[in-house]
Amino acid sequence: QVAAASGHTVVLVDQSDEILKKSTKGIEESLKRVTKKKFADKPEAGAEFIEKTLKNLTTSTDAVAVVHSTDLVIEAIVENQEIKNELFKRLDKFAPEHTIFASNTSSLQITQLANSTTRQDRFGGLHFFNPVPMMKLVEVIKTPMTSQKTFESLVDFSKAVGKSPVSCKDTPGFIVNRLLVPYMMEAVRLFERGDASKEDIDVAMKLGAGYPMGPFELLDYVGLDTSKYIIDGWHSLEPNNPLFAPSPLLNKLVKEKKLGKKTGEGFYKYK
């Protein structure tokens, strides 16, 4: 959406036409919300903006077929190393030499993904934040193999889609999640020890630190399964790091399929 809205030609690729229809509809709805604010007193300009943006967007279920004519591939599939590697390996064979590959992963090593291709110098991380149309931040990740030219292209692209890029080396969780996930896990440990209730911890962090959500609200919003997946991955990388220690309570809730907002219950219940 943000790439198409800023004048780029975009091909959205997913597994089925059904998913793509749903995605396109979601983008349309999102654009309508954007135009309500952006063109509040100019409805005609708003309608034109939506039409123009959607013209820049086509869809496909065949990544190999469309990669021939792309300058940048941004991957945002399931957070699974093997599945991502498989996709990059396949696309690497068919993409033009100049094409840059980027991953939107929040927890996997970019270097490991780049190693599945022959274009390690044209590979980096572009980590967008949810919801992307609203959030201004993009973390641009440079591996030891990423060329300066590639890095600059990724920074320029981030600016061209109206975002504020920050740069980070290929370290677990980059900047935001590296600080945020251990903070959320510390909140869970504080609660597990019985030092404070989850409600009081949430209120304290919102009113005392000025955070828009408390850590338990945020965990439920992110998804407890996602949070567990990240912490488990980091724990396997650095088993002796106490910040990356798994949480028995988080594991229990995930086992019980209480994954947060998306399932109607996590640390809190949602109607």
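Using the three backbone atoms N, Cα and C, a Cβ is placed for every residue, glycine included.
Feature annotation from TrEMBL assigns domain '3-hydroxyacyl-CoA dehydrogenase NAD binding' to 1-171. Sequence annotations record features per position, and here TrEMBL assigns CoA binding site to S30, K37, S106. Feature annotation from TrEMBL assigns site 'Important for catalytic activity' to H127. The feature domain '3-hydroxyacyl-CoA dehydrogenase C-terminal' is assigned by TrEMBL to 173-270.
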### Query
Which residue, of the binding-site residues S30, S106, has its CB surrounded by the fewest other CB atoms within 10 A?
S30
### Task
Over the domain '3-hydroxyacyl-CoA dehydrogenase C-terminal' (173-270), work out the mean pLDDT and round it to an integer.
96
## Note on the structure
Taking only the CA atoms, the spacing between S30 (CoA binding site) and H127 (site 'Important for catalytic activity'), expressed in whole angstrom, is 20
### Summary
Widest Cα pair spacing in Å over the listed CoA contacts S30, K37, S106 is 30
### recorded positions compared (K37, H127) - the one with the fewest other Cβ atoms within 10 Å
K37
### Number of helical, extended and coil residues in the domain '3-hydroxyacyl-CoA dehydrogenase C-terminal' (173-270), per DSSP
65 helix, 3 strand, 30 coil
### Summary
Whole-number Å distance separating the Cα atoms of K37 (CoA binding site) and H127 (site 'Important for catalytic activity') is 26
## Note on the structure
The rounded CA-CA distance in Å from S106 (CoA binding site) to H127 (site 'Important for catalytic activity') is 6
